[in-house]
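One structure below.
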Amino acid sequence: MGRAKKVVLAYSGGVDTSVCIPYLKQEWGVEEVITLAADLGQGDELEPIREKALKSGASESLVADVKESFIKDYAFPAIQANALYENRYPLGTALARPLIAKILVEAAEKYGADAIAHGCTGKGNDQVRFDVSCTALNPKLKILAPAREWGMSREATIAYGEKFGIPSPVKKSSPYSIDKNLLGRSIEAGALEDPKFEPPEEIYEMTKAIADTPNEPEYIEIGFTQGLPTTINGTPKDPVALIQELNQLVGSHGVGRIDMIENRLVGIKSREIYESPAMLVLIQAHRDLESLTLTADVSHYKRGIEETYSQIVYNGLWYSPLKAALDAFIQKTQERVSGIVRVKLFKGNATIVGRWSDSSLYTPDLATYGAEDQFDHKAAEGFIYVWGLPTRIWAQQDRG
């Protein structure tokens, strides 16, 4: 008896997920494999991917256009949370995984499958994200991960696929592993595994080299409504179009590259290269607008929430009770985060140069040092006395 009767496989069209189809059937006795490819704005032609799955042995090949949900339900909440894993990575790949898990579970329930499968290895973070998310959404479904068990090298995997007519898309001149969606690109493997190696310019696609960027700065104004980006230069944009336009605008000035040593959930460090122009600038602008519209105590407390939020999303806990609790806090903080942020783009830098809001807590008459100053300077003495009282008492006791 096989490990499952009918399986829905997360499918990308790459060699690993393509090899999973015959492997599940031949080695694990699965009777039927249905593939599901998610259109996350990666730009691939999905019809050839669908056809490749069928040629590889899938009984049915599904394609789901989830771009709008990806931005509205996953990316935008992350912007409200100022989510940057280890203060650098805006979680472009990590945010896609719970959405893919959701549509996998929905497809499994619709087609009567008893298992879900993916092509993740035992070394990465995605296996955790898929397994935990799918289990949270439907604990009754089995999770199959052939690449975690088959023990084949990259070369052996390619050779196995060739026995079933599956060609390898990887060329010797391009050895990198790339994941792409609307939020950006992640690039790893090959020579990049040496952390002292400078990434070659050829790996970048969304961001221009500094030498090729305009010699004049460009100013853009990003409008937010309750923490959600809604306009560019005063023009309302739907979520997908807003991300696409910002990726182009920001990337053309060389902004959006990340080269970092990342602490993976599975306990190892990895060298990761990311391109994420829109997300980086949106988080930077959103955080700046919060500094104008949130009280000091909420702003300071939210920083700790943001770090926890980033960690649990990175670690695959999107559907956890803690994530739901953090969401409730973050949504409450966003009620007054509406306004416009002006950003200067020039030679690889995005600089906030202005911000304004009807909910601004900045009071010019109190902040000024000019003649218009309305701050009661005499009140400071009493405040300082009370504020410093615990320290004064401690000092007196300490000196005996």
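Using N, Cα and C of the backbone, Cβ positions are placed for all residues, glycine too.
The feature ATP binding site is assigned by Swiss-Prot to Ala10, Tyr11, Ser12, Gly13, Gly14, Val15, Asp16, Thr17, Ser18, Ala38, Gly119, with sequence analysis given as support. Positions annotated as L-citrulline binding site by Swiss-Prot: Tyr89, Asn125, Arg129, Ser177, Ser186, Glu262, Tyr274. Marked as L-aspartate binding site by Swiss-Prot: Thr121, Asn125, Asp126.
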For Asp16 (ATP binding site), what is the tally of other C-beta atoms lying within 10 angstroms of its C-beta? 21
I need the least crowded one of these binding-site residues (Asn125, Ser177), counting other C-beta atoms within 10 angstroms of each C-beta. Ser177
Same-chain residues at least 6 apart in sequence with Cβ under 8 Å of the Cβ of Tyr274 (L-citrulline binding site), in sequence order, are Tyr89, Pro90, Gly92, Gly184, Arg185, Ser186, Ile187, Arg257, Ile258, Met260
Three-class DSSP assignment, Thr121 (L-aspartate binding site), comes back as coil
Say we define neighbours as other CB atoms within 10 Å of the CB. Which of the binding-site residues Gly14, Gly119 has the fewest? Gly14
Could you tell me the C-alpha distance between Ser177 (L-citrulline binding site) and Thr121 (L-aspartate binding site) in angstrom, no decimals? 13
Could you measure between Asp16 (ATP binding site) and Thr121 (L-aspartate binding site) for me? Cα positions, answer in whole angstrom. 9
Compute the C-alpha separation of Gly14 (ATP binding site) from Thr121 (L-aspartate binding site), stating it in Å without decimals. 14
Integer Cα-Cα distance in angstrom, Asp126 (L-aspartate binding site) to Gly119 (ATP binding site): 9
Just to be sure I understand the packing, how many Cβ atoms besides its own are within 10 Å of the Cβ of Glu262 (L-citrulline binding site)? 19
Could you list the residues of the same chain, at least six apart in sequence, whose Cβ is under 8 A from the Cβ of Ser12 (ATP binding site)? Ala37, Ile49, Gly119
Other than its own, how many Cβ atoms are within 10 Å of the Cβ belonging to Ala10 (ATP binding site)? 24
For L-aspartate, residues beyond Thr121, Asn125, Asp126 with C-beta within 8 angstroms of the site's Cβ centre include exactly Cys120, Lys123, Gly124, Gln127, Val128, Arg129, Val266
One finds that other Cβ atoms within 10 Å of the Cβ of Arg129 (L-citrulline binding site) number exactly 27
